[in-house]
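*Asks:* What Swiss-Prot shows for this protein is this:
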- 25-129: domain 'Gnk2-homologous 1' (DOMAIN)
- 130: N-linked glycosylation site (CARBOHYD)
- 140-246: domain 'Gnk2-homologous 2' (DOMAIN)
- 148: N-linked glycosylation site (CARBOHYD)
- 155: N-linked glycosylation site (CARBOHYD)
- 220: N-linked glycosylation site (CARBOHYD)
- 268: N-linked glycosylation site (CARBOHYD)
- 276: N-linked glycosylation site (CARBOHYD)
- 363-640: domain 'Protein kinase' (DOMAIN)
- 369, 370, 371, 372, 373, 374, 375, 376, 377, 391: ATP binding site (BINDING)
- 436: phosphotyrosine (MOD_RES)
- 488: active site, proton acceptor (ACT_SITE)
- 536: phosphotyrosine (MOD_RES)
């Protein structure tokens, strides 16, 4: 006798909710070169991406463009999950490609995994994409309690151990095609089994594939341990699991649908066309549909109101909002009501405070990298070996909280190789933490102003640092989606990576401009005295030319190896670095500025040209200062004739002479600002126009 076919109401309910609400947002590689719109690379990239869907479809779900030497070559890679139909694969590759181009404009390198049943990977770069184990980026996306299974502690423990055993089996089953799937029974769960697949990029070796999957197995402990449904991926591999079969990969292993809780053996049924359908099920399905629709409408209304309220706040404060990402890497946590707006508006990732606490060994003093007015910076390491720098806001500090919010809202959308990457943040009670990529060589001032370490900065390295900072500021001013003014450029806010390449850090004071906005005013003048231009100190007026002034001072410090504040009094007159260099120019002795640690083996014409550019940047009139795009051309094209600089701002006269600008300033309190991976011994000075 044929059994009545019953409907699992829980599965229907959660399927409707999930399919209506789960939307994945793209991610991009944090550091890459940038290209000009409609330029050679842009044209090649779009041509490559337009052909990628068909090539992936025609090559059994994986295709990598062959290497071609030469400039402006766009290399690409696409892969679809095993079991995806050819049409779904093609559509997925097309969708992800379009999303990446929209999300990462002018970015030469980007990568993203899609989500949903049609799981696929798209990656492109202006460099060779080789078959090495590339693990820089981690995705984790999952749906908690998709099937509404009750998780007691016993069940949760069983699920975790079963999941680990299943992943071990899957990894061991990986064959020459770099793919495997498996099923693991769950004795005490309504759904009885976990279904899982694992897959690697086909350009990996089998050994590297196994290593990549083993890392994912470990990653799961930090992001999604005990989660019933989800996927976790790195750049070269992914794992996916569910309590139901998916993609047609488990047809032979599918178990019977578990009985409905409403089926007690005596339910009323209606017979039609030879099929028995429970009357109670029909009523329940109708009720569930109404409830689901009501819930979704209420959620939509609530989200809409929250978004509008935040956008109003963002507009008033010069911030901007972006879409929320559901992907979460190591130790990240689901946003709660207190931080939901911050997470949704920044697109940044909220880390679990406990994960950061563990990574820094409970903020142990041996991991402390620096301390300032904002708080302390600690080195941390997650279980997978990823090193980070955690900036911890001092609990009683009122000064740091606005800067904290500003960095989360602003820096999360900035991606450039000469900017320090913000990985995420954590807010729990009074604890507020920013999590950055770890930069090993601390800040520029640790080398530049140290009598021993400064010898490591020869002229080619210093010139590379100047050029790298130029690229970073140019991105902020022109190439990012908004015009962003840093407002606190100085040696202690320039970090150096392992190859001594510069990365601009500390965006707590940064402001973004609206479209066509060229300048702004503020009643609260903040920054580091000596790097601030006269129009900002005196009138609170700032623009991109404010950063140009600070950059000019920084150029002169890099060449001279001396702080701007180290010039107190020369020959009876008050002085600073800018005044000192201007006098050297008038005396025809600019090379006297050069740091003796550089030695004699340097290009004198190149050094003089850089000093000249520095003086152009610190001119008193903002309109006379060159833009960062002009500065970049001056640095990289020696055929460009440099204009004659005008006298700089803050040109100090004899002590006996009055200084009109100084008389207009009312100095405020001075506090030290912290930054990623180093101690800033320069001070932040808050001054207000009198």
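Any Cβ shown, glycine's included, is placed from N, Cα and C.
Quantities reported herein were computed from a predicted structural model and do not represent experimental measurements.
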*Asks:* Taking only the Cα atoms, work out how far residue 436 (phosphotyrosine) lies from residue 375 (ATP binding site), in Å, as a whole number.
*Replies:* 15
*Asks:* In whole Å, how far does the CA atom of residue 536 (phosphotyrosine) lie from that of residue 130 (N-linked glycosylation site)?
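*Replies:* Given the Cα positions, residue 536 (phosphotyrosine) is 49 Å from residue 130 (N-linked glycosylation site).
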*Asks:* What does the DSSP secondary structure composition of the domain 'Gnk2-homologous 1' (25-129) look like, as residue counts for helix, strand and coil?
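*Replies:* With helix first, then strand, then coil, the domain 'Gnk2-homologous 1' (25-129) has 37 helix, 21 strand, 47 coil.
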*Asks:* Here's one to test understanding: among the recorded positions 369, 371, 375, 488, whose C-alpha is closest in space to the C-alpha of residue 220 (N-linked glycosylation site)?
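*Replies:* Comparing Cα positions, the closest of these recorded positions turns out to be 369.
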*Asks:* Across the domain 'Protein kinase' (363-640), what does the mean pLDDT come to, as a whole number?
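*Replies:* When the pLDDT values over the domain 'Protein kinase' (363-640) are averaged, the result is 85.
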*Asks:* Compute the C-alpha separation of residue 377 (ATP binding site) from residue 488 (active site, proton acceptor), stating it in Å without decimals.
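*Replies:* That comes out at 18 Å between the alpha carbons.
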*Asks:* Between 369, 377, which of the binding-site residues has the fewest other CB atoms within 10 angstroms in the structure shown?
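*Replies:* Minimum Cβ neighbour count within 10 Å, taken over the binding-site residues 369, 377, occurs at 369.
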*Asks:* Tell me the coarse DSSP state (helix, strand, coil) of residue 369 (ATP binding site).
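*Replies:* Once the DSSP labels are grouped into three classes, residue 369 (ATP binding site) ends up as strand.
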*Asks:* In DSSP terms, helix, strand or coil for the residue listed as 'active site, proton acceptor'?
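*Replies:* Its secondary structure by DSSP: coil.
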*Asks:* Rank the glycosylation sites 130, 220 by how many other Cβ atoms lie within 10 Å of each Cβ and give me the one with the fewest.
*Replies:* 130
*Asks:* What number of additional C-beta atoms lies within 10 angstroms of the C-beta atom of the residue listed as 'active site, proton acceptor'?
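*Replies:* Counting Cβ neighbours of the residue listed as 'active site, proton acceptor' within 10 Å gives 27.
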